[in-house]
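Chemist: According to TrEMBL, the feature transmembrane segment maps to 20-45, 203-222, 228-252, 273-293, 299-320, 327-348, 368-401, 523-544, 550-572.
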Amino acid sequence: KSSKREWKPLEDHSCTDVPWLLLFILFCIGMGFICGFSIATGAAARLLSGYDSYGNICGQKNVKVEGIVNSGLDLTHKKYVFFLDPCNIDLVHQKIKSIALCVSACPRKELKTLADIQNFAETNGSTLCSYELQPSEYTTDPRAAKLCPKFPVPESAPIPFFHRCAPVNISCYAKFAEALITFVSDSSVLHRLISGVMTSKEIIMGLCLLSLVLSMILMVIIRYISRVLVWILTILVILGSLGGTGVLWWLYAKQRISVGALETQVAKDNLQALLIYAIAATVFTVILFLIMLIMRKRIALTVALFHVAGKVFIHLPLLVFQPFWTFFVLIVFWTYWITVLLFLGTTGSPVPNEEGFVEFRMAGPLKYMWWYHVVGLIWISEFILACQQMTVAGAVVTYYFTREKRNLPFTPILASVNRLVCYHLGTVAKGSFIITLVKIPRMILMYIHTQLKGKENACARCMLKACICCLWCLEKCLTYLNQNAYTATAINSTNFCTSAKDAFVILVENALRVAAINTVGDFMLFLGKVLIVCSTGLAGIMLLNYQRDYTIWVLPLIIVCLFAFLVAHCFLSIYEMVVDVLFLCFAIDTKYNDGSPGREFYMDKVLMEFVENSRKSMKEAGRGGGAEGRELKPM
């Protein structure tokens, strides 16, 4: 019965889900309390200035810690943290297993003997051995083997803003990666991969910029050739996939002929990588052709909405920049979140550990603050993304339900942001909280699955994966329903539950259209992403081909293609939102208007032609009646 309620687009606005806005504000105040608490307990100073293994903060006077020798020192002139063995990483506890000291300066050259360390201390005034040893005792005291750095001491440089001495040599970081990437059995492979990335860094940056430019160009092209966009994308993807596959096989054949003259490991690795790429590209091309063959008759269903979406971008050009603002806000929030998380890692009271050094630990309920902080990461991130969805929905709804496009607001995007801030922040908070409730159990199950890898039996592993898969599907369904609920809120200014119910009724009544448009439309946008990734990857192959004798392609090409897909997804997801909002507006329009005087359609003429042609086809097939064939008259 609720589906019979009249929709009154843009007629009135009222505040929605106010209690949820108050709850969200209280939650954000809690996040601020965690940040303030960590700063007040000295965590900020310990994070930024650094501290040694005895609880002393570098660069200031310190208070004595009961039971800890070498604590309470005046280290005003020693502003940098130096690790005696900086490459010794404990991955289980996620910390450096080394004594840390405060020093006056980082060693800017490699030191190979105790005499070099003594000479460095006398020259620079920076003592690299433990506090109880004087520089004059470095070469004579037998304790120097334990209390001085491990040889050779690598060349180091201070990390900006964090006052830690970090090794300059890349080989030290390669050892970290070797420990993290357990599937690499041959360490020389990892070294070559890292050197390949470092050698090709200019090419990688240039290709990432190319993917950004291609995404912008595709968005501009969508505005002007939306009617033929589907067919152009189809042809380009066919040509691109065929061309990319052909080029890979050609390069493989060419390099296989020349690999006999170059008996280097790099050349063999590149030959094997080319074969894998060529086979994968061939399989992908065959699958792509089969999908296009199956869906070729449904492509026409999407053309009308894509054409109207192109008009929306012409009238609302600021929509193109929505990913930039959202990405910028997310980066700012994530930077804040990571900073506070680092604060929490150094928050607490100094406690002696088993080795006689100091660790900072929180006691009581405060040690669970990081759980609250993790929930805040998910909820606020989803809130920011939901604000983008509501902003886009409000702007497109304003465009669709304004009969005279000349009467549109000067900036519909800003008008939509204004309505969001004034009326609908509570609805956005509630919708994002529902997604958070689904995300958290899925992340917990994924963490359990990771921790139990290789320990659980086959049945438990299967059940865990099934639960994770079900929660993922539920999350995707709720995300889609939330987006339509935001559109309903933008149209009728109703609360979240009412909007979700009304949108669900409309979607169920148009289930076949939803399936066709979402399937074909999403596939077309996926083809756009594939086009950008293939173009960037092809350019990368051609450029990296000039460095094939001394650079491994695998990692640079993977980095470039992942970045290209991420950029293309960010831009084309806005187009996908616009098409979804337009479809819901179109379904509401056809449900409550019939083209008669006083109930004229709001829709664009292209959509009217689409509906009229559909009705004629149904009538010719014997499925239409007199009411189904009436003419659609625009206002």
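Every residue gets a Cβ built from N, Cα and C, even glycine.
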Chemist: Any contact between the transmembrane segment (523-544) and the transmembrane segment (20-45)? By contact I mean 3+ C-beta pairs closer than 8 Å, pairs at least 6 apart along the chain.
Modeler: no
Chemist: Sort out for me which stretch, of 20-45, 203-222, 273-293, 327-348, has the most Cβ pairs below 8 angstroms to the transmembrane segment (228-252).
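Modeler: Checked against 20-45, 203-222, 273-293, 327-348; highest Cβ contact count belongs to 273-293.
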Chemist: Give the nonlocal contacts of the transmembrane segment (327-348) in its own chain as ranges (CB under 8 Å, at least six residues past its ends).
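Modeler: Sequence-distant neighbours of the transmembrane segment (327-348): 31, 34-35, 37-39, 41, 43-44, 46-47, 51, 360-363, 366-367, 369-370, 373, 376-377, 380-381, 384-385, 570.
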